[in-house]
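This report concerns only the one structure given below.
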Amino acid sequence: MITDGHEKPTMSSPFSRKLQSNYLIGFLLLSIGGYLPSAYNYVLFRGYGIEHSTIEHFFIYCFVGSLFGGTFVASLADHCGRRNACLLCSVIYGLYHASCNSSNEWILIIGHIFRGIGDALYSTAFEAWLMQEHEQRDLDICVLERILYNSNVYLNIVTIGTGFLAQLLSEFYGYIAPFNVGIGFFAISFVFILTQWSENYGRKKFFVHTTHVPAMQILRTNRRIVLCGLANALFRASFYIWLIEWTPTLHAATEKIFAEPLPLGFMYSCYLFCRLLGSFAFGSLIKRFRTQTFMIVIFLLAAIGLSVPVITPNDQLMILLGFLLLQICEGIFVPSIALLRSEYIPNEFLSTNYIDELSACTSTYTNACCFAWTLSVNYCLYVVCIYVIIGHVNYDDITKALNY
């Protein structure tokens with residue numbers, strides 16, 4: 001690509017390789033710490049004697065923290081620095097893991113609020129830092145696409161290993177061990193990001209009328225950003241509900257039981273392996289189809305995967321297969337939505353997310369009582385996602401037809 005009389009650096013350039021290595025190391029170290037205890041949240045809290053409904057409310061507090069605290073903190077990253085936001089993410093996740101050593105419900109509630117803020121930073125600050133670095137260094141767009149693709153693939157590879165590590169840690173040292181080991185990974189990622197990453201900004205000044213108001217104005221005037229946000233939010237809402245309920249749903253199944261007790265760490269590694277397959281599938285799909293086109297099929301397949309527990313609630317093996325299909329869809333979804341965000345959302349507002357967190361919080365609270373009903377609602381959410389993406393695809397055609 002030739003721009004302004006010079007050729008933009010490609011993936012083979014030293015700048016591109018250095019950017020990729022720095023980003024991947026910092027991002028993956030923090031991700032390992034976050035993924036280590038993922039399979040053991042539910043069983044740890046049940047082991048403390050906490051009721052199932054209370055555990056569901058822990059996740060709701062997490063989403064509330066992400067919506068109210070996370071939206072504000074994540075938007076501050078644009079003017080306080082994306083690297084600083086990533087450092088803060090490491091600290092906040094560490095506080096959440098530390099809180100899980102207590103069986104006190106109030107401490108766990110506070111910890112989950114911290115986790116929600118950390119999730120908001122994790123889902124926006126790292127991506128925003130990478131995109132700003134890409135823009136500042138004037139790299140070719142293929143560099144950004146390749147780094148996003150590689151980060152998703154490598155994330156799935158290393159987190160597959162974390163599932164096996166978590167299984168061993170839990171067998172020898174108890175369910176709390178993956179949480180405590182994760183704190184060590186957060187500390188390492190903090191030091192690496194602090195010493196190896198440069199700082200970048202979206203906006204140097206931060207005022208409500210110059211930050212949140214313009215962002216809301218863009219949402220009102222740019223239909224594509226709204227559609228992108230809704231598709232992201234609806235998918236995430238359903239996926240987070242699955243994250244809460246997958247363990248008790250498999251425990252409740254009484255037929256075709258494949259293991260007793262369930263090897264949760266190994267099973268989570270299988271989920272992550274399926275996400276890896278989805279990442280590879282994304283690499284092939286993006287070469288042949290527009291993202292907006294194949295995402296319609298992905299939402300439909302995800303709805304089918306989540307429908308299995310509704311159709312066969314006692315068949316443990318079939319439920320697991322449905323969940324594996326969902327994970328493949330997740331592996332395709334993550335890099336796809338990242339590309340759509342980079343294409344439609346202005347760089348200065350990449351760390352400000354309203355629709356995503358509001359929908360995730362509202363949908364999870366509404367559906368936290370009954371998993372069978374939840375999955376039915378999830379199916380509807382995915383159907384809405386399909387219509388959103390269809391509207392996204394046909395927007396130009398509809399506009400041309402109306403003008404004609």
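Glycine is treated like the rest: Cβ placed from N, Cα and C.
What TrEMBL lists as transmembrane segment is 21-38 (among others). With a threshold of 8 Å between CB atoms, the same-chain residues lying at least 6 positions outside the transmembrane segment (21-38) that come near it are 44, 86, 89-90, 93-94, 97, 100, 122, 126, 129-130, 133, 147, 150-151, 154-155, 158-159, 162-163, 165-166, 169, 178-179, 181-186, 188-189, 192-193, 196-197, 243, 268, 272.
Residues annotated as transmembrane segment in TrEMBL: 58-77 (among others).
Annotation source TrEMBL lists transmembrane segment at 153-169 (among others). Long-range Cβ contacts of the transmembrane segment (153-169) within its own chain (Cβ-Cβ under 8 Å, at least 6 residues beyond either end) map to 24, 27-28, 31-32, 35-40, 177-178, 181, 263-273, 275-276, 279-280, 283, 331.
Residues or ranges marked as transmembrane segment in TrEMBL: 175-195 (among others). Sequence-remote contacts of a segment are chain residues at least 6 beyond its ends whose Cβ falls under 8 Å from one of its Cβ atoms, and for the transmembrane segment (175-195) they are 25-26, 29-30, 32-34, 36-37, 40, 43-44, 47, 83, 86-87, 90-91, 93-94, 97-98, 100-101, 165-166, 169.
What TrEMBL records for 225-244 (among others) is transmembrane segment.
The transmembrane segment feature in TrEMBL is assigned to 264-286 (among others).
Among the features that TrEMBL reports, transmembrane segment is placed at 293-311 (among others).
Positions annotated as transmembrane segment by TrEMBL: 317-340 (among others).
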